[in-house]
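For reference, TrEMBL has these:
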- 31-51: transmembrane segment (TRANSMEM)
- 32-163: domain 'EamA' (DOMAIN)
- 63-84: transmembrane segment (TRANSMEM)
- 96-116: transmembrane segment (TRANSMEM)
- 122-141: transmembrane segment (TRANSMEM)
- 172-191: transmembrane segment (TRANSMEM)
- 175-300: domain 'EamA' (DOMAIN)
- 203-223: transmembrane segment (TRANSMEM)
- 229-248: transmembrane segment (TRANSMEM)
- 260-279: transmembrane segment (TRANSMEM)
- 285-303: transmembrane segment (TRANSMEM)
Amino acid sequence: MTSDSDKAVPAAGPGHPPGGRFGLQAVSAPMLAALYMVGASLGFTIMNVAIREASQEVSALEVVFFRNFFAMLFMMPWFARAGLSVLRTERLRLYIWRSVIGLVAMMLWFSSLALLPLAEAVTLGFTAPLFATGAAAIFLGEVVRARRWTATAIGFLGVLVVLRPGFQALTWPMALPIVSAAFMAVSIVIVKKLSRTEAPGTIVFFMNVLLAPLSLIPALFVWQWPSWWVLGLMTLVGFVAVFSHVALTRAYQMADASAMLPFDYTKLPFVAALGFALYGEVPDLWTLVGAGIIAGSSLYIAHRESVVARERRVSLAASEAPRASGG
């Protein structure tokens, strides 16, 4: 649920071709970025299934804590290598707000995975980019023109197709992934705001270090010691979360965000396949139709954001050209 990108930073580091090692030298940067994105989507799908399994034994709030705790442990070698520079910030209050909002989104999301069919939860979770359009206009003052507002409205029609109010009984768990997506959208907008002045390493550091202790507070109210099986599942969740976010970051470094977003929707076939194999869940026609509408709207929004950003860069370059030439 997310859209910052930089052009083609080689994954293997300076001096290496974009494909890196292990026979990937011949793979083009866009193709490798797509593979990273699909790998991230598969990782998030595995994580969602592990969350559901763990939630059968312990509360989703406890699963949230262990996810953040183990993710922080797996990130420790990176923190040690990054050094004290990641601690430099004058925006601690905004980091805390971002962590609290992100934690609420995570608690709602994990709860939805425990209570809803996987494909339905994932489909409704795809609404985060739709909410992000409005959140960016409100909190960042971004100018959102009629085309993007129209695409956003159509996307929410897709939500109505999935929920079908009046044709089926609406239950409170159906609201969980939608409200989670709204909180996640605000979290994304805060990260966008932070990225204007903060180093990426600092953003990653504070996200991980703050989420673990914050998520322990609600977990203590429902605490029960997990079995070794569930502890193993939650260790897997923490590891896969780190792996998937690294893959996601690599993808956005090597290709434009609007080009990568279609590959994010591979989560739906992945989760539908695992939901059927493990739980006998079959997405109904309306869930698939709604998913198509939501995905199409989000893709159009990403395309328009890319066009606007490109026009802004061209305009900025044109305005700076006379100064550079001394005119």
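Note: Cβ is positioned from N, Cα and C throughout, glycine not excepted.
Within the chain, the transmembrane segment (285-303) has long-range Cβ neighbours (under 8 A, six or more residues past its boundaries) at 3, 119-120, 123, 126-127, 129-130, 133, 147-148, 151-152, 154-155, 157-162, 164, 257-258, 261-262, 265, 268. Of the ranges 63-84, 203-223, 229-248, the one with the most Cβ pairs under 8 Å to the transmembrane segment (31-51) is 229-248.
Within the same chain, residues 1-4, 94, 97-98, 101-102, 104-106, 108-109, 111-112, 115-116, 120-122, 124-132, 134-136, 139-140, 159, 163, 203 sit at least 6 positions outside the transmembrane segment (172-191) and bring their C-beta atoms closer than 8 Å to a C-beta of that stretch. Among the listed stretches 63-84, 203-223, 260-279, the one sharing the most Cβ pairs under 8 Å with the transmembrane segment (122-141) is 260-279. A Cβ distance under 8 Å defines the sequence-distant neighbours of the transmembrane segment (63-84), meaning residues of its chain 6+ beyond its ends; these are 51, 54-55, 103, 106-107, 110, 201, 204-205, 208-209, 211-212, 215-216, 218-219, 226, 231, 234-235, 237-239, 241-242.
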